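Below is one structure, written out as C-alpha coordinates; comments come after it.
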Amino acid sequence: MAGGRGARASLHLHLAWLCAFATTAWAHGGGGGGGDSDADADGGGEGKPDLRARGLVAAKLWCLAVVFAGTLAGGVSPYFMRWNDAFLALGTQFAGGVFLGTAMMHFLADANETFADLLPGTAYPFAFMLACAGYVLTMLADCAISFVVARGGGRTEPAAAAGAGLEEGKLSSTNGNASDPPAADAAAQDHSVASMLRNASTLGDSVLLIAALCFHSVFEGIAIGVAETKADAWKALWTISLHKIFAAIAMGIALLRMLPDRPFLSCFGYAFAFAVSSPVGVGIGIVIDATTQGRVADWIFAVSMGLATGIFIYVSINHLLSKGYTPLRPVAADTPAGRLLAVVLGVAVIAVVMIWDT
(Lines of atoms letter the chains of each structure in order from A and count residues from 1; the text may use other names and numbers.)
(Lines give C-alpha, C1' and ligand atoms only; values in the text may rest on other atoms or scores of the structure.)
Protein backbone atom coordinates (compact mmCIF):
# COMPACT_ATOMS: atom_id res chain seq x y z
CA MET A 1 0.00 0.00 0.00
CA ALA A 2 2.80 2.40 0.94
CA GLY A 3 4.63 1.59 -2.28
CA GLY A 4 1.47 2.24 -4.30
CA ARG A 5 0.96 5.60 -2.63
CA GLY A 6 4.59 6.52 -3.23
CA ALA A 7 4.28 5.59 -6.89
CA ARG A 8 1.13 7.68 -7.26
CA ALA A 9 2.79 10.61 -5.51
CA SER A 10 5.80 10.35 -7.82
CA LEU A 11 3.52 10.18 -10.86
CA HIS A 12 1.59 13.26 -9.75
CA LEU A 13 4.79 15.21 -9.15
CA HIS A 14 6.26 14.29 -12.54
CA LEU A 15 2.99 15.26 -14.23
CA ALA A 16 3.05 18.58 -12.36
CA TRP A 17 6.55 19.43 -13.57
CA LEU A 18 5.74 18.39 -17.14
CA CYS A 19 2.60 20.54 -17.11
CA ALA A 20 4.60 23.48 -15.79
CA PHE A 21 7.18 23.27 -18.57
CA ALA A 22 4.49 22.65 -21.19
CA THR A 23 2.58 25.70 -20.01
CA THR A 24 5.74 27.78 -20.17
CA ALA A 25 6.31 26.78 -23.77
CA TRP A 26 2.64 27.39 -24.57
CA ALA A 27 2.77 30.83 -22.97
CA HIS A 28 5.56 31.89 -25.29
CA GLY A 29 4.47 29.97 -28.33
CA GLY A 30 0.90 31.24 -28.04
CA GLY A 31 2.06 34.72 -27.22
CA GLY A 32 2.12 35.70 -30.83
CA GLY A 33 3.65 34.53 -34.03
CA GLY A 34 5.96 36.61 -36.10
CA GLY A 35 3.18 37.53 -38.51
CA ASP A 36 0.73 38.81 -35.91
CA SER A 37 2.12 42.32 -35.91
CA ASP A 38 -1.33 43.90 -35.78
CA ALA A 39 -1.85 42.45 -32.34
CA ASP A 40 1.50 43.15 -30.77
CA ALA A 41 2.60 46.36 -32.48
CA ASP A 42 1.04 49.25 -34.34
CA GLY A 43 3.57 49.04 -37.13
CA GLY A 44 5.21 52.34 -36.24
CA GLY A 45 8.87 52.96 -36.61
CA GLU A 46 9.42 52.65 -32.88
CA GLY A 47 7.68 49.29 -32.72
CA LYS A 48 5.30 50.49 -29.99
CA PRO A 49 2.58 47.92 -29.27
CA ASP A 50 -1.02 48.77 -30.09
CA LEU A 51 -2.73 48.35 -26.73
CA ARG A 52 -6.17 48.42 -28.39
CA ALA A 53 -5.43 45.76 -30.99
CA ARG A 54 -8.22 43.24 -31.29
CA GLY A 55 -5.90 40.25 -30.99
CA LEU A 56 -4.33 41.56 -27.78
CA VAL A 57 -7.70 42.31 -26.18
CA ALA A 58 -8.98 38.88 -27.20
CA ALA A 59 -5.94 37.22 -25.61
CA LYS A 60 -6.57 39.12 -22.37
CA LEU A 61 -10.22 38.07 -22.39
CA TRP A 62 -9.14 34.46 -22.80
CA CYS A 63 -6.78 34.94 -19.86
CA LEU A 64 -9.69 36.34 -17.85
CA ALA A 65 -11.81 33.29 -18.61
CA VAL A 66 -9.00 30.80 -17.96
CA VAL A 67 -7.95 32.21 -14.58
CA PHE A 68 -11.58 32.37 -13.44
CA ALA A 69 -12.47 28.86 -14.59
CA GLY A 70 -9.23 27.37 -13.27
CA THR A 71 -9.58 28.92 -9.82
CA LEU A 72 -13.26 28.05 -9.54
CA ALA A 73 -12.59 24.46 -10.63
CA GLY A 74 -9.73 24.18 -8.15
CA GLY A 75 -11.92 25.46 -5.32
CA VAL A 76 -14.71 22.94 -5.87
CA SER A 77 -12.48 20.03 -6.95
CA PRO A 78 -11.93 18.68 -3.39
CA TYR A 79 -15.68 17.99 -3.27
CA PHE A 80 -15.31 15.51 -6.14
CA MET A 81 -11.76 14.15 -5.79
CA ARG A 82 -8.92 13.66 -3.31
CA TRP A 83 -5.70 15.54 -4.00
CA ASN A 84 -2.28 14.10 -3.27
CA ASP A 85 -0.61 15.88 -0.32
CA ALA A 86 2.89 15.66 -1.83
CA PHE A 87 1.64 17.24 -5.06
CA LEU A 88 0.06 20.15 -3.17
CA ALA A 89 3.01 20.66 -0.81
CA LEU A 90 5.72 20.76 -3.47
CA GLY A 91 3.49 22.36 -6.07
CA THR A 92 2.84 25.28 -3.75
CA GLN A 93 6.59 25.75 -3.25
CA PHE A 94 7.09 25.57 -7.03
CA ALA A 95 4.44 28.27 -7.44
CA GLY A 96 6.27 30.37 -4.85
CA GLY A 97 9.49 30.12 -6.84
CA VAL A 98 7.66 31.08 -10.02
CA PHE A 99 6.09 34.08 -8.27
CA LEU A 100 9.42 35.25 -6.88
CA GLY A 101 11.22 34.84 -10.20
CA THR A 102 8.44 36.61 -12.11
CA ALA A 103 8.47 39.56 -9.72
CA MET A 104 12.24 40.04 -9.73
CA MET A 105 13.18 39.14 -13.30
CA HIS A 106 10.10 40.19 -15.28
CA PHE A 107 7.89 42.77 -13.54
CA LEU A 108 10.65 44.73 -11.79
CA ALA A 109 12.85 44.72 -14.89
CA ASP A 110 9.98 45.96 -17.09
CA ALA A 111 9.01 48.68 -14.61
CA ASN A 112 12.60 49.87 -14.23
CA GLU A 113 13.14 49.95 -17.99
CA THR A 114 9.91 51.88 -18.59
CA PHE A 115 10.74 54.44 -15.91
CA ALA A 116 14.18 54.88 -17.47
CA ASP A 117 12.51 55.71 -20.81
CA LEU A 118 9.97 58.05 -19.21
CA LEU A 119 12.47 59.88 -16.99
CA PRO A 120 15.85 59.64 -18.74
CA GLY A 121 17.43 62.39 -16.65
CA THR A 122 16.39 60.99 -13.25
CA ALA A 123 18.37 58.44 -11.30
CA TYR A 124 15.71 57.93 -8.61
CA PRO A 125 14.73 54.21 -8.33
CA PHE A 126 10.99 54.67 -8.88
CA ALA A 127 10.41 51.02 -9.77
CA PHE A 128 12.03 49.79 -6.57
CA MET A 129 10.16 52.37 -4.49
CA LEU A 130 6.84 51.22 -5.95
CA ALA A 131 7.80 47.61 -5.31
CA CYS A 132 8.26 48.48 -1.64
CA ALA A 133 4.91 50.31 -1.70
CA GLY A 134 3.17 47.25 -3.17
CA TYR A 135 4.71 45.05 -0.50
CA VAL A 136 3.55 47.41 2.28
CA LEU A 137 0.05 47.75 0.81
CA THR A 138 -0.34 43.99 0.73
CA MET A 139 0.91 43.79 4.31
CA LEU A 140 -1.71 46.42 5.21
CA ALA A 141 -4.40 44.19 3.72
CA ASP A 142 -3.16 41.31 5.87
CA CYS A 143 -3.25 43.59 8.92
CA ALA A 144 -6.89 44.41 8.14
CA ILE A 145 -7.61 40.69 8.01
CA SER A 146 -5.89 40.15 11.34
CA PHE A 147 -7.89 43.01 12.88
CA VAL A 148 -11.20 41.52 11.76
CA VAL A 149 -10.22 38.08 13.02
CA ALA A 150 -9.10 39.46 16.38
CA ARG A 151 -12.30 41.49 16.72
CA GLY A 152 -14.50 38.52 15.95
CA GLY A 153 -12.46 36.02 17.95
CA GLY A 154 -14.09 36.92 21.25
CA ARG A 155 -17.60 36.42 19.89
CA THR A 156 -17.06 33.04 18.27
CA GLU A 157 -17.47 29.79 20.11
CA PRO A 158 -14.29 27.99 21.19
CA ALA A 159 -15.35 25.01 19.12
CA ALA A 160 -15.14 27.12 15.99
CA ALA A 161 -11.38 27.24 16.29
CA ALA A 162 -11.18 23.47 16.16
CA GLY A 163 -12.15 23.56 12.50
CA ALA A 164 -9.55 26.12 11.52
CA GLY A 165 -6.30 24.64 10.37
CA LEU A 166 -5.36 25.91 6.98
CA GLU A 167 -2.52 28.31 6.36
CA GLU A 168 -2.65 28.32 2.61
CA GLY A 169 -3.25 24.57 2.95
CA LYS A 170 -2.59 23.45 6.55
CA LEU A 171 -5.22 20.89 7.55
CA SER A 172 -6.40 20.31 11.09
CA SER A 173 -8.42 17.21 10.32
CA THR A 174 -8.07 14.22 8.07
CA ASN A 175 -10.88 12.19 6.50
CA GLY A 176 -13.44 14.14 8.50
CA ASN A 177 -11.98 13.36 11.92
CA ALA A 178 -11.23 16.17 14.36
CA SER A 179 -7.62 17.00 15.06
CA ASP A 180 -5.91 16.65 18.40
CA PRO A 181 -6.39 19.55 20.87
CA PRO A 182 -2.81 20.86 20.43
CA ALA A 183 -3.30 21.04 16.69
CA ALA A 184 -6.62 22.79 17.14
CA ASP A 185 -5.08 25.31 19.55
CA ALA A 186 -2.32 26.06 17.06
CA ALA A 187 -4.87 26.34 14.28
CA ALA A 188 -6.73 28.99 16.26
CA GLN A 189 -3.77 31.31 15.69
CA ASP A 190 -3.75 30.79 11.92
CA HIS A 191 -4.69 33.72 9.70
CA SER A 192 -5.55 31.64 6.65
CA VAL A 193 -8.21 32.06 4.02
CA ALA A 194 -10.50 29.33 5.29
CA SER A 195 -9.97 29.79 9.02
CA MET A 196 -10.54 33.52 8.88
CA LEU A 197 -13.72 33.18 6.86
CA ARG A 198 -14.88 30.53 9.33
CA ASN A 199 -14.28 32.82 12.32
CA ALA A 200 -15.96 35.86 10.82
CA SER A 201 -18.98 36.42 13.05
CA THR A 202 -21.04 38.75 10.84
CA LEU A 203 -21.83 39.19 7.18
CA GLY A 204 -19.94 42.49 7.21
CA ASP A 205 -16.86 40.76 8.58
CA SER A 206 -17.05 38.14 5.84
CA VAL A 207 -17.40 40.77 3.13
CA LEU A 208 -14.44 42.73 4.52
CA LEU A 209 -12.34 39.58 4.76
CA ILE A 210 -13.11 38.52 1.21
CA ALA A 211 -12.29 42.03 -0.04
CA ALA A 212 -8.98 42.06 1.83
CA LEU A 213 -8.06 38.53 0.79
CA CYS A 214 -8.73 39.33 -2.86
CA PHE A 215 -6.86 42.65 -2.77
CA HIS A 216 -3.61 41.30 -4.17
CA SER A 217 -5.48 39.08 -6.63
CA VAL A 218 -6.99 42.17 -8.25
CA PHE A 219 -3.53 43.66 -8.78
CA GLU A 220 -2.32 40.32 -10.10
CA GLY A 221 -5.10 40.52 -12.67
CA ILE A 222 -4.13 44.09 -13.57
CA ALA A 223 -0.69 42.72 -14.47
CA ILE A 224 -2.45 40.70 -17.19
CA GLY A 225 -4.76 43.52 -18.22
CA VAL A 226 -1.98 46.06 -18.87
CA ALA A 227 0.31 43.60 -20.67
CA GLU A 228 1.73 45.15 -23.83
CA THR A 229 1.88 41.93 -25.85
CA LYS A 230 0.03 38.65 -25.99
CA ALA A 231 3.16 36.82 -24.87
CA ASP A 232 3.31 38.94 -21.71
CA ALA A 233 -0.37 38.34 -21.04
CA TRP A 234 -0.09 34.55 -21.34
CA LYS A 235 3.07 34.50 -19.24
CA ALA A 236 1.42 36.49 -16.46
CA LEU A 237 -1.61 34.21 -16.72
CA TRP A 238 0.16 30.94 -16.02
CA THR A 239 2.21 32.52 -13.24
CA ILE A 240 -0.90 33.79 -11.46
CA SER A 241 -2.90 30.64 -12.17
CA LEU A 242 -0.32 28.46 -10.40
CA HIS A 243 -0.79 30.38 -7.16
CA LYS A 244 -4.56 30.81 -7.48
CA ILE A 245 -5.34 27.19 -8.28
CA PHE A 246 -3.17 25.73 -5.51
CA ALA A 247 -4.62 28.19 -2.98
CA ALA A 248 -8.17 27.43 -4.14
CA ILE A 249 -7.64 23.68 -3.81
CA ALA A 250 -6.25 24.08 -0.30
CA MET A 251 -9.15 26.34 0.68
CA GLY A 252 -11.68 23.86 -0.69
CA ILE A 253 -10.12 20.97 1.25
CA ALA A 254 -10.38 22.88 4.51
CA LEU A 255 -13.92 24.08 3.84
CA LEU A 256 -15.12 20.52 3.33
CA ARG A 257 -13.94 19.67 6.84
CA MET A 258 -14.99 22.89 8.56
CA LEU A 259 -18.42 23.43 7.05
CA PRO A 260 -20.20 20.06 6.95
CA ASP A 261 -23.60 21.59 6.15
CA ARG A 262 -24.10 22.09 2.42
CA PRO A 263 -20.38 21.61 1.66
CA PHE A 264 -20.75 22.02 -2.10
CA LEU A 265 -22.52 25.37 -1.79
CA SER A 266 -19.91 26.55 0.70
CA CYS A 267 -17.03 25.47 -1.54
CA PHE A 268 -18.66 27.03 -4.60
CA GLY A 269 -19.47 30.31 -2.87
CA TYR A 270 -16.01 30.88 -1.42
CA ALA A 271 -14.28 29.61 -4.57
CA PHE A 272 -16.38 31.97 -6.71
CA ALA A 273 -15.46 34.96 -4.53
CA PHE A 274 -11.78 33.98 -4.69
CA ALA A 275 -11.90 33.25 -8.43
CA VAL A 276 -13.59 36.46 -9.54
CA SER A 277 -10.97 38.81 -8.07
CA SER A 278 -8.24 38.29 -10.68
CA PRO A 279 -10.66 38.62 -13.64
CA VAL A 280 -11.80 41.93 -12.12
CA GLY A 281 -8.19 43.07 -12.23
CA VAL A 282 -7.85 41.88 -15.83
CA GLY A 283 -10.95 43.88 -16.74
CA ILE A 284 -9.54 46.99 -15.04
CA GLY A 285 -6.31 46.60 -16.99
CA ILE A 286 -8.17 46.19 -20.29
CA VAL A 287 -10.19 49.34 -19.60
CA ILE A 288 -7.01 51.24 -18.75
CA ASP A 289 -5.40 50.20 -22.03
CA ALA A 290 -8.60 50.95 -23.97
CA THR A 291 -8.82 54.52 -22.66
CA THR A 292 -5.14 55.48 -22.67
CA GLN A 293 -2.35 55.35 -25.20
CA GLY A 294 1.18 56.59 -25.62
CA ARG A 295 2.98 58.21 -22.71
CA VAL A 296 0.03 57.97 -20.31
CA ALA A 297 -0.22 54.24 -20.96
CA ASP A 298 3.51 53.89 -20.32
CA TRP A 299 3.15 55.62 -16.96
CA ILE A 300 0.25 53.38 -15.97
CA PHE A 301 2.16 50.30 -17.08
CA ALA A 302 5.28 51.29 -15.14
CA VAL A 303 3.37 52.07 -11.94
CA SER A 304 1.27 48.90 -12.21
CA MET A 305 4.30 46.69 -12.77
CA GLY A 306 6.15 48.34 -9.88
CA LEU A 307 3.26 47.73 -7.48
CA ALA A 308 2.74 44.22 -8.83
CA THR A 309 6.39 43.44 -8.07
CA GLY A 310 5.92 44.14 -4.37
CA ILE A 311 2.63 42.26 -4.25
CA PHE A 312 4.12 39.21 -5.96
CA ILE A 313 7.13 39.24 -3.61
CA TYR A 314 4.86 39.46 -0.55
CA VAL A 315 2.60 36.64 -1.73
CA SER A 316 5.59 34.49 -2.65
CA ILE A 317 7.43 34.90 0.65
CA ASN A 318 4.60 35.21 3.18
CA HIS A 319 1.89 33.02 1.65
CA LEU A 320 3.66 30.40 -0.44
CA LEU A 321 7.24 29.82 0.69
CA SER A 322 7.02 30.43 4.46
CA LYS A 323 3.61 28.81 4.95
CA GLY A 324 2.85 26.68 1.94
CA TYR A 325 0.79 23.53 2.17
CA THR A 326 1.55 21.60 5.36
CA PRO A 327 -0.45 18.36 5.73
CA LEU A 328 -1.16 17.10 9.22
CA ARG A 329 0.38 13.70 8.53
CA PRO A 330 4.00 13.47 7.33
CA VAL A 331 4.57 13.09 3.60
CA ALA A 332 7.75 11.43 2.37
CA ALA A 333 8.34 13.96 -0.40
CA ASP A 334 7.65 16.97 1.84
CA THR A 335 11.18 17.56 3.16
CA PRO A 336 13.32 20.72 3.36
CA ALA A 337 15.41 19.44 0.46
CA GLY A 338 12.30 18.66 -1.57
CA ARG A 339 10.84 22.10 -0.95
CA LEU A 340 14.14 23.76 -1.83
CA LEU A 341 14.31 21.81 -5.06
CA ALA A 342 10.74 22.82 -5.94
CA VAL A 343 11.49 26.51 -5.30
CA VAL A 344 14.73 26.37 -7.28
CA LEU A 345 12.88 24.70 -10.13
CA GLY A 346 10.24 27.43 -10.11
CA VAL A 347 12.86 30.19 -10.21
CA ALA A 348 14.84 28.31 -12.87
CA VAL A 349 11.80 28.04 -15.12
CA ILE A 350 11.39 31.83 -15.08
CA ALA A 351 15.15 32.32 -15.58
CA VAL A 352 15.04 30.16 -18.70
CA VAL A 353 11.87 31.84 -19.96
CA MET A 354 13.49 35.27 -19.63
CA ILE A 355 16.17 34.24 -22.15
CA TRP A 356 13.56 34.75 -24.89
CA ASP A 357 12.04 37.80 -23.22
CA THR A 358 15.13 40.02 -23.28
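Any Cβ shown, glycine's included, is placed from N, Cα and C.
Its Cβ placed at the centre, Asn112 (N-linked glycosylation site) has 19 other Cβ atoms within 10 Å. Look at Asn112 (N-linked glycosylation site): DSSP puts it in a helix. Sequence annotations record features per position, and here Swiss-Prot assigns N-linked glycosylation site to Asn112.
According to Swiss-Prot, the feature region 'Disordered' maps to 164-185.
According to Swiss-Prot, the signal peptide annotation covers 1-27, on the basis of sequence analysis.
Annotation comment: Swiss-Prot describes 28-60 (among others) as topological domain 'Extracellular'.
Taken from Swiss-Prot, the feature topological domain 'Cytoplasmic' covers 82-86 (among others), and the record attributes it to sequence analysis.
The topological domain 'Extracellular' annotation in Swiss-Prot covers 108-127 (among others). In this model, the topological domain 'Extracellular' (108-127) carries an average pLDDT of 91.
What Swiss-Prot records for 149-206 (among others) is topological domain 'Cytoplasmic'.
Residues annotated as topological domain 'Extracellular' in Swiss-Prot: 228-235 (among others). Applying DSSP to the topological domain 'Extracellular' (228-235) sorts its residues as follows: 6 helix, 0 strand, 2 coil.
As annotated by Swiss-Prot, topological domain 'Cytoplasmic' applies to 257-267 (among others), with the evidence given as sequence analysis.
In the topological domain 'Extracellular' (289-296), the DSSP tally of helix, strand and coil residues is 5 helix, 0 strand, 3 coil. Residues annotated as topological domain 'Extracellular' in Swiss-Prot, with sequence analysis given as evidence: 289-296 (among others).
The topological domain 'Cytoplasmic' annotation in Swiss-Prot covers 318-335 (among others) and is backed by sequence analysis. Assigned with DSSP, the residues of the topological domain 'Cytoplasmic' (318-335) fall into helix, strand and coil as follows: 4 helix, 0 strand, 14 coil.
What Swiss-Prot lists as transmembrane segment is 61-81 (among others).
Under the heading transmembrane segment, Swiss-Prot lists 87-107 (among others). Within its own chain, the transmembrane segment (87-107) is flanked in space by residues 9, 12-13, 16-17, 20, 131, 168-169, 223, 235-236, 239, 242-243, 246, 249-250, 305-306, 308-310, 312-313, 315-317, 320-321, 324-327, 331, 333-334, 338-339, 342-351, 354, 357, which lie at least six positions past its ends and keep a Cβ under 8 Å from the stretch.
Annotated transmembrane segment per Swiss-Prot: 128-148 (among others), in sequence order.
Residues annotated as transmembrane segment in Swiss-Prot: 207-227 (among others).
Under the heading transmembrane segment, Swiss-Prot lists 236-256 (among others), citing sequence analysis as support.
Within the chain, the transmembrane segment (61-81) has long-range Cβ neighbours (under 8 A, six or more residues past its boundaries) at 221, 224, 233-234, 236-237, 240-241, 244-246, 248-249, 251-253, 255-256, 263-264, 267-268, 270-272, 274-276, 278-279, 282-283, 286.
Away from its own ends, the topological domain 'Extracellular' (108-127) comes close to residues 295, 298-299, 301-303, 305-306, 309 of its chain (Cβ-Cβ under 8 Å, at least six residues beyond either end). DSSP labels the residues of the topological domain 'Cytoplasmic' (82-86) in these numbers: 2 helix, 0 strand, 3 coil.
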